[in-house]
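A.B. asks: There's a structure below that I have some questions on.
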Amino acid sequence: MSILFYVIFLAYLRGIQGNNMDQRSLPEDSLNSLIIKLIQADILKNKLSKQMVDVKENYQSTLPKAEAPREPERGGPAKSAFQPVIAMDTELLRQQRRYNSPRVLLSDSTPLEPPPLYLMEDYVGSPVVANRTSRRKRYAEHKSHRGEYSVCDSESLWVTDKSSAIDIRGHQVTVLGEIKTGNSPVKQYFYETRCKEARPVKNGCRGIDDKHWNSQCKTSQTYVRALTSENNKLVGWRWIRIDTSCVCALSRKIGRT
């Protein structure tokens, strides 16, 4: 249909040019070559379109059923909050690198040191590293001599028995303790930081003016990716809350300005 339209249009155009232009009209050979090029372009376009349709049909016919996209369940978790694990032995390590957090560790042995770039001075470690503990104490004493003190005292440790947590939607989920991958299972460890005590000094946080402020040390949480399950199914990576810092919470005393 498009080829016939090109021929009719060019014949009409040629008739107009023949009436209005004498010496400046297009030569016969150039007009014929233009018609041929347009016809060839139209044929090539139709051929490519047909090939694309054939390729798409062949791909859909060979696509495995397991790879067919499924409609999300109504009321299910958002994609950003939940990433399923299809095969524990093939996808686990790849997704762990993708969602990696220094506070979450998959290992076949209990870690003995804090994650890289984290301070050693508040780390509650294993007796195996007793010499490092004494070194940290000497370092802390050296800081005290310089007059440097923390508003709140915190401690950090690897949690080895975490069984449940609250995810980003506020739902209770089960934290996978042991994951079977290949020959040796691995466990999931969480590096958490919390306050040693709510009031390091008599009136609250250290260094706060207690005449005008009420103060208290509180453990703060943040979200990390972890392998969890919900209702003993839907195993995957979710955002869960863990303890990550100790902060001083202030409130102004009544009647003070």
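Each residue, glycine too, has its Cβ placed from N, Cα and C.
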A.B. asks: Need the cross-check against Swiss-Prot: the disulphide partner of Cys195, picked from Cys246, Cys248.
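C.D. replies: Of the candidates Cys246, Cys248, the one Swiss-Prot pairs with Cys195 is Cys246.
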A.B. asks: Only counting partners 6 or more residues apart, tell me which same-chain residues put their Cβ under 8 Å from the Cβ of Cys246 (disulfide bond).
C.D. replies: Cys152, Asp153, Ser154, Thr193, Arg194, Cys195, Lys196, Cys217, Lys218, Thr219, Ser220
A.B. asks: What are the non-local neighbours of Cys205 (disulfide bond), defined as same-chain residues 6+ apart in sequence with CB under 8 A from its CB?
C.D. replies: Val151, Cys152, Arg199, Ser215, Gln216, Cys217, Cys248, Leu250
A.B. asks: Using DSSP, would you call Cys217 (disulfide bond) helix, strand or coil?
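C.D. replies: Its secondary structure by DSSP: strand.
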A.B. asks: Within 10 Å of the Cβ of Cys217 (disulfide bond), how many other Cβ atoms are there?
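C.D. replies: There are 23 such Cβ atoms around Cys217 (disulfide bond).
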A.B. asks: Sort out for me which one of Cys152, Cys195, Cys248 has the most neighbouring CB atoms within 10 A, since those are the disulfide-bonded residues we care about.
C.D. replies: Cys152
